[in-house]
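So that you can see what the record holds, here are the features copied from TrEMBL:
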- 26-49: transmembrane segment (TRANSMEM)
- 61-78: transmembrane segment (TRANSMEM)
- 90-110: transmembrane segment (TRANSMEM)
- 122-143: transmembrane segment (TRANSMEM)
- 163-196: transmembrane segment (TRANSMEM)
- 203-225: transmembrane segment (TRANSMEM)
- 302-327: transmembrane segment (TRANSMEM)
- 339-359: transmembrane segment (TRANSMEM)
- 379-399: transmembrane segment (TRANSMEM)
- 412-463: region 'Disordered' (REGION)
- 417-428: compositional bias 'Basic and acidic residues' (COMPBIAS)
- 429-438: compositional bias 'Acidic residues' (COMPBIAS)
- 453-463: compositional bias 'Basic and acidic residues' (COMPBIAS)
Amino acid sequence: MTGANDISLKQTNAGGLLSKTRGDKVIWAIVVLLALVSMLAVYSSTGLLAYKYNRGNTEVYLFKQVIFTAVGLGIIYFSHRVNYTLYSRVARILFMLSIPLLIYTLFFGLKLNEGSRWIRLPIINLTFQTSDLAKLALFMYMSRLLSKKQEVIKDFKKGFIPVITPVAIICILIVPANLSTALLVGATSMLLLFIGRASIKHMLLMVGLAAIPVAILVMLAVGFYDKKEEKCSELPFFLQKGRIPTWISRVQNFIYDSKQVDKDENYQINQAKIAIAKGGLLGLGPGNSQTRNFLPHPYSDFIFAIIIEEYGLAGGGFILFVYLLFLLRSIRIFKKCPYAFGAFLALGLSFTLVIQALINMAVTVNLFPVTGVTLPLVSMGGSSFLFTCLAIGIILSVARNVEQLEAPAADGTAKAATKEKKPKTKTEEVEEEAEEEKEEKPVKAKREKSLKKKEAVETTEEKAAKLNALKPLTEIAMKDMEQGK
C-alpha cells in the first residue's frame, strides 16, 4: 500500500509540475528533442577526450551532459514561470554589470589562443564566458529601449543613438577576444533595429562603419598571403599582437582554401569534410563515427559534423529544420504579443540563437570561416549551454503571457461548447426553466410598461385627432345658431 501511495504521490507531483508548465508547446518539444540529440552526440564524440583525461571512461562526459541538461531544463522552467516584465526591470542592471565583467576578462581572464574569454568562478570551479551574459543582457536592454523609443526611433539623436550605443559598447569589448561573437551580436542587433522600425539610412551608416575594420582585415589577409608557397607571409610586429594573426589566418584559409593541413583551422575543416563525405545520406549509425578521433573539438565547435557522419544528410537537414521551426514559433510569439518589450525580447533572443546555429553549421560545411561558436543546446554543456537555456526560458515566459491573454476567450468558447454537448437531466431542465422565468420576469415587466406608455401616447393622439375632426362641425353648428337668431 505504501509503495502504491508513493507512486501515486509521484504521479500527482509530476502532473502538478506539467500543469504549471506553460508557453509554446512546440518550443518545449524542440528543447527536449535537441537535449536528447545533444546527449547522444556528446557521448559519441568524447571518446578521445575520455581516453586522454579519464582512462577511457566515456560515461563521465555523458553523466556531465545529463547533469547540465537537467540544470538547463530547470533554468528554463523557473525562468518561464517569471513574468517577463521583471526582465525589463533587471535589464539595465545586468547590462551595467556585464561591462566591468568584460573589461576584467580582457585583462585578467583565462587565455586560450591569445584570447581572454573566460573567468573561473571560485566556488563551483566552472569557467564562465562573460560574453554569454553580455549578449543576454544586451538584447534584454535593447528590447527595453526599443519599446520606449518607438515614437522617436526615426530621430537620430533621440531614438537611434540611445539604442545603438549599448550595442557598440558590448561589441567593442568583445572584439579583442572573440571577433565572431561580436559580429553575431552586431548582425542580430541590426535585424532587431530593422524590425523595430529604425531608419534604414542610420542602420546603413552603422553597417558601413562596422564594415571598415572587416574590409581592412580582408585586405591584410590577401596582402600577406604568399600564393607560391600557399601560406601566410611574415607579419609585421604590430600585426602579431593578440588575436590578429589568428583572424588573418582564418580569412586566408577560407579565401584560398589551402591544401596544406598543418594548420589547425585547415585541419579542422578538412576533417569535417571527411566526416560529411563518410556520412552520406543516412549516416553510419549512432556511435559509429570514425572521424571523431581525428577532428579537433568534435563535441563543441564541430559537433554538427559528427551528427552528419552518424545520421547522414537526412539527420543534418532535420536539425536545420528544427532550428528554423524554433524561429518560426518565436516569430509567432512576436506577432501575438500585444506589448512591444515582450515582442522584441522574444524575437531578439531567438534571432541570436538561430543565427548562431546557422553560423556553426555553415562553418562545418566550409561556407563560413572558422568562428568557434557552439551549436546551441547540442554542443557539450558549459556556461553557453546554461545561458542558452535561460534565453529560451525568457522566450517561453513571453509565450506564457500571450497564452494567458488568449485564455479567457478560449475558456468562454469551450464552456459554451461543453454546455451544448452535455445531455440535460429533468432537474437541470426544471432549474433552467425557473432561471429563465426569473430572467424573463423583469423583461416582461419592462415590456408591459413600454406597452402602457405606447397606449397612453396613442390614446392622447387619438383624442387630439378626434378634437381636430370635430372642430369644423362645431364651427358649422355655431354659424347655424347665429343665423337662426
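Even glycines carry a Cβ here, placed using N, Cα and C.
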Contact between the transmembrane segment (302-327) and the transmembrane segment (203-225) (3 or more Cβ pairs under 8 Å, separation 6+): no
Leading contact stretch, 90-110, 163-196, 339-359, 379-399 vs the transmembrane segment (26-49) - CB distance under 8 Å: 379-399
Recorded stretch, among 163-196, 339-359, 379-399, maximising Cβ pairs under 8 Å relative to the transmembrane segment (90-110): 163-196
